[in-house]
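Q: Sharing the record's features from TrEMBL:
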| type | residues | note |
| --- | --- | --- |
| DOMAIN | 25-308 | domain 'ABC transmembrane type-1' |
| DOMAIN | 341-576 | domain 'ABC transporter' |
| TRANSMEM | 15-43 | transmembrane segment |
| TRANSMEM | 139-160 | transmembrane segment |
| TRANSMEM | 166-184 | transmembrane segment |
| TRANSMEM | 248-270 | transmembrane segment |
| TRANSMEM | 282-306 | transmembrane segment |
Ligand SMILES: Nc1ncnc2c1ncn2[C@@H]1O[C@H](COP(=O)(O)OP(=O)(O)OP(=O)(O)O)[C@@H](O)[C@H]1O
């Protein structure tokens with residue numbers, strides 16, 4: 001129950017809407033019961049009065065008629081109000097929950113979210129949060145209404161047909177408590193499995209959709225489709241089980257209502273014969289009972305789906321309660337004036353029991369210094385940038401900015417000073433302008449065009465149908481790789497960080513585009529500190545220092561020319577690369 005209670009507490013700020021919605025649901029109940037019972041009484045009384053035409057003055061049809069209209073209006077108005085208030089309340093709660101979840105998930109990125117697939121996280125934000133509306137709409141409100149129905153039953157019926165009151169009360173307890181209890185137990189496992197399967201289906205669909213081209217090329221689309229169908233079949237089978245259970249439960253709860261009406265008739269008919277109850281009163285009770293039992297009818301199904309809701313709540317908490325790898329300090333150190341970035345004897349593992357990824361790394365980056373980090377794949381180059389961006393904290397040594405450990409700085413200060421660009425810098429499904437505004441939300445058009453100019457993209461954007469307001473598609477898919485990279489670069493230009501962390505920003509670009517982006521980066525890097533992670537050793541002669549890593553350790557370091565002269569591993573790699581470049585040029 002803990003996960004559900006946790007979320008119930010989060011409903012509190014909107015209690016007025018939620019309580020208002022529940023109150024309107026009670027009004028609907030009063031309307032339904034009033035309408036049914038009064039109509040039953042009225043029709044029977046009218047019939048008994050000898051179809052009033054024969055004796056028009058003897059029976060007042062106006063007041064009961066007005067009553068019937070009143071209850072009909074109460075029911076309709078109540079239902080409108082109920083929908084309005086319960087939905088307003090639910091949407092407010094859901095939107096709070098979404099931003100709460102997002103706020104919790106954000107600091108977990110990237111270190112603590114890497115085990116989750118993108119579709120899984122999406123499913124939590126959308127479907128799992130949506131599932132929580134069941135808690136209020138389907139469980140709490142109907143339970144409250146059913147309690148009122150029970151109160152009405154035990155307060156009114158004993159005065160009319162005492163024996164039927166006891167039986168009807170017991171039947172209502174059976175339909176309103178015992179059946180929901182059975183439903184909750186019977187539906188728990190399947191409900192939980194359904195929640196997991198729904199997430200798996202969504203993740204699978206997203207994954208397969210994204211990799212469709214690869215699946216086709218590797219002729220794996222059939223297999224993937226078969227796996228998807230198998231998953232879907234399991235999902236449908238579980239859904240069928242749930243629906244079967246719903247059917248039985250609905251039948252059972254319906255029977256409790258019918259049994260109560262039948263018993264009321266049996267006991268009431270005896271009283272009518274004994275003249276201790278009038279026939280219209282009997283009709284009043286029977287139809288009133290039908291209305292009261294309507295309040296109980298949705299409960300078994302609601303509780304049947306509680307397992308699914310609980311699973312959704314657990315899945316949300318499983319992410320929200322993760323501890324971020326780095327917690328933004330409550331009392332951050334003042335922003336340092338001197339932006340000297342230092343790695344001192346840094347050692348790091350991604351998992352405490354995992355292999356050492358970096359060992360004994362020293363880097364000295366006074367303002368304006370340009371350092372290239374090179375080395376074979378897996379040597380730990382990107383990890384150095386991940387640490388400088390404070391995505392993780394090193395287990396050994398320290399990283400400081402102006403003498404202040406990175407973990408003591410506020411997130412806002414840190415990311416104001418440190419900007420990054422990589423081959424995977426995200427281009428959002430938005431316009432050029434919105435993508436740029438991420439760098440500086442206050443930037444005006446002139447500043448944006450100036451940034452695009454530096455990134456060598458101004459001419460291209462100027463030719464787009466809506467220039468800055470052109471939509472660039474999912475992950476910027478309407479842009480070429482080079483255009484996307486330059487857009488990301490323009491964003492960094494707008495951010496204007498004094499320290500630039502670049503992770504293979506030229507990877508995947510053709511020679512010409514790479515040259516344009518490189519020139520833009522050179523222009524941007526002037527006067528700023530820069531760490532450039534790269535495989536390409538052919539254009540590092542203007543770097544102040546080259547740090548060559550191997551298996552997480554600094555193997556060689558010095559100027560590009562110095563390292564070539566030393567004729568070690570760096571020089572060998574450089575020779576191979578230069579030869580490959582010459583062959584490519586000749587081709
Ligand atoms: N998030 C992670 N969790 C666990 N291990 C990781 C993670 N990221 C990287 N590693 C491991 O850490 C080591 C260093 O990875 P890193 O990405 O820093 O290498 P790299 O030198 O940048 O490689 P490449 O040139 O191929 O990008 C690798 O063995 C890699 O498998």
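Every residue gets a Cβ built from N, Cα and C, even glycine.
Could you place these features in context, so I can see how deep they sit and what lies close by?
A: Restricting the average to the domain 'ABC transporter' (341-576) gives a pLDDT of 89.
Sequence-distant contacts of the transmembrane segment (15-43), counting only residues of its own chain at least 6 positions beyond either end whose CB sits under 8 Å from a CB of the stretch, comprise 61, 64-65, 67-68, 70-79, 81-82, 84-89, 92-93, 136, 140-142, 144-145, 148-149, 152, 280-281, 283-288, 290-292, 294-295.
Sequence-distant contacts of the transmembrane segment (166-184) (same chain, at least 6 residues past either end, Cβ-Cβ under 8 Å): 146, 149-150, 153-154, 157, 245, 249, 252-253, 256-257, 259-260, 263-264, 267, 289, 292-293, 296-297, 299-304, 306-307.
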Q: Against which stretches of its own chain does the transmembrane segment (282-306) lie, if we need a Cβ under 8 Å and a gap of at least six residues from its ends?
A: 4, 29, 32-41, 43-44, 134, 138-139, 142-143, 145-146, 148-149, 152-153, 156-157, 160-161, 164, 168, 172, 175-176, 179-184, 186-188, 191, 242, 245-246, 249-250, 252-254, 256-257, 260-261, 264-265, 268-269, 271-272
Q: Taking a Cβ cut-off under 8 Å, which residues six or more beyond the ends of the transmembrane segment (139-160) line up next to it in the same chain?
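A: For the transmembrane segment (139-160), the list is 18, 21-22, 25-26, 28-29, 33, 86, 168-169, 172-173, 176, 264, 268, 277, 281, 284-285, 288-289, 292-293, 295-296, 298-299, 302-303, 306, 309.
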